[in-house]
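K.L.:
Here's a structure for you.
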Amino acid sequence: MSKKRPVLRLFPVLLLNLIGFAIAIPVLPALAKDLGGDAVDIGFLYAIQAFGQFVMAPVWGAISDRFGRKRTLIATFVTAGIFEFLTALTPTLWLLYVLRLLVGMCAGNVATASALIADATDAETRSKGMAVIGISFGVGFTVGAGLGAGISTLEQAGPGLLGSGLPFAVASGIYLLTTLLGIVLLVEPAKSADARRQNRVQVGLRAIADTLQRRPVAIMCTIFFFYTLAITILEGTFFVFADAVFGWEVKEVGFAFAGLGLLMALVQGGIGRISAKIGDRNMAGIGIFLLAVGLAIAPTVKVAAFLVGFLGIATVGRALVHPALLSLTSELSERSDETGKLMGVLQSFGSLARIIGPGLGGLIFQYVAIEAPFWIAGFLLFLAGIWWLGATSSEMGAAAEST
């Protein structure tokens, strides 16, 4: 089987998985309110879900190093489907907290998908393979969030089934389909059985601490943290900013995000050619600065079309950064049986940023200035870009050449 086949087979499975996950994003507040929660509870529910990802991403990655990518992914699909179905039926707020933590823990499976791609590609094709994850996120979150909002609207228009829990029941069904599709389509990349047997699974914070002792990995994770922090600051404040400045409502914001998601998918469709011409390290650096410029300028414009235009520049940068960082991180694996753990540690830093970003953005918006979240996100990315230029010319370059 060619090296591309496992990646091509992964795409529809990962896409369906992310659609199921994204359904809950716009409808979780309604369920929390129905159970007696307030704005504070809603924020903590999103945070605890991200915390679950933070803890479990390296665990799933390490487990997949030991027991295989396909088995691990299937296990996460099954458990996520069970927890989403229980969410649809949950009668109390405290149980909702527990279930969102468990769903978040299952969502740490993106690290395993990244490791599967790393196993199935070589250095020349890896960034193109990693773009599959970015495309899946862009399309999956756009479709999933829209589907969740649409189901919620239909439920409100009629007598409804399971009340505000209906979208979660649908998400559970999608995870069931994902499981079946994964069983049929997913292919375990060729990998030494002896290497798996020799692997000892490290889990939790110990796995993160041990992995970060390697400076190139620590640099990559720090850059990924600031990249994700900037994205989540934007996502957490864009609606209130667009409402305050342009009077946008949910529909306009939804169309804007859908368009930006489509743009990201289109750019990442050509990632293989871009990487072949300029290399992953240069692609990541250019992407970081494009993202910084787009975010810094976007809140200064007074015309909605210009706002979307500069966010489009930021989106192009985002489309370049994400697959490049994933590809470069996978190349830092010292052994073939640690790729999953390494990708899991990277995804943990992204999850940590998702815990911090939305709340931080809201505080900055409320107490500093409505444009400040964009400016601060852009400034953080600019600093990360400067550090990236220095790091890639020394330790990162040396590390990449030695792998």
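Backbone N, Cα and C atoms are what each Cβ position is placed from, and that goes for glycine too.
Feature table excerpt (TrEMBL):
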- 6-396: domain 'Major facilitator superfamily (MFS) profile' (DOMAIN)
- 7-32: transmembrane segment (TRANSMEM)
- 44-63: transmembrane segment (TRANSMEM)
- 72-89: transmembrane segment (TRANSMEM)
- 95-118: transmembrane segment (TRANSMEM)
- 130-154: transmembrane segment (TRANSMEM)
- 166-187: transmembrane segment (TRANSMEM)
- 217-241: transmembrane segment (TRANSMEM)
- 253-271: transmembrane segment (TRANSMEM)
- 283-301: transmembrane segment (TRANSMEM)
- 349-368: transmembrane segment (TRANSMEM)
- 374-391: transmembrane segment (TRANSMEM)
K.L.:
Considering every residue in the domain 'Major facilitator superfamily (MFS) profile' (6-396), what is the mean pLDDT value?
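P.N.:
Mean pLDDT, the domain 'Major facilitator superfamily (MFS) profile' (6-396): 84.
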K.L.:
Give residue numbers and ranges for long-range contacts of the transmembrane segment (166-187): same chain, 6 or more residues beyond its ends, CB-CB under 8 A.
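P.N.:
Non-local partners: 1, 5-6, 9-10, 12-13, 16-17, 19-21, 23-24, 27, 31, 69-70, 73-74, 77-78, 80-82, 84-85, 87-88, 116, 147-148, 151-152, 155, 160.
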K.L.:
Same chain, outside the transmembrane segment (217-241) by at least 6, Cβ under 8 Å from its Cβ: which residues?
P.N.:
211, 248, 250, 253, 284, 288, 291-292, 295, 299, 314, 318, 321-322, 325, 328-329, 332, 342, 345-346, 349-350, 352-354, 356-362, 364-365, 370-371, 373-374, 376-378, 380-381, 383-384, 387-388, 391, 395-396
K.L.:
Counting only residues 6+ away from its ends, which parts of the chain sit with a Cβ under 8 Å from the transmembrane segment (44-63)?
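P.N.:
Those are 28, 32, 37, 72, 76, 96-97, 100-112, 115, 199, 201-205, 207-208, 211, 339-345, 347-348, 350-352, 354-355, 358-359, in sequence order.
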K.L.:
Which stretch, 7-32, 130-154, 349-368, tops the Cβ pairs under 8 Å count with the transmembrane segment (253-271)?
P.N.:
130-154
K.L.:
Are there residues at least six beyond either end of the transmembrane segment (7-32) with Cβ under 8 Å to its Cβ atoms? List them, or say none.
P.N.:
41-42, 45-46, 73, 77, 80-81, 84, 87, 90, 93, 96, 100, 103, 107, 109-110, 113, 116-117, 120-121, 129, 132-133, 135-137, 139-145, 147-149, 151-152, 164-165, 167-168, 170-172, 174-175, 177-178, 181-182, 185-187
K.L.:
Does the transmembrane segment (130-154) come close to the transmembrane segment (374-391), meaning at least 3 CB pairs under 8 Å for residues 6 or more apart?
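P.N.:
No, these stretches are not in contact.
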K.L.:
Taking residues 6+ outside the transmembrane segment (95-118), which of them lie with a CB under 8 Å of any CB in it?
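P.N.:
Result: 6-7, 10, 14, 17, 21, 24, 28, 31-32, 35, 37, 44-45, 48-61, 63-65, 69-70, 72-73, 76-77, 79-80, 83-84, 86-87, 126, 129-130, 132-133, 186, 189, 326-327, 330, 333, 339-340, 342-344, 346-348, 351.
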K.L.:
Within the same chain, where does the transmembrane segment (349-368) have neighbours whose Cβ lies under 8 angstroms from its own Cβ atoms, ignoring anything closer than 6 residues to its ends? I mean 6 or more beyond.
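P.N.:
Result: 43, 46-47, 50-51, 53-54, 57, 104, 108, 221-222, 224-237, 240-241, 376-377.
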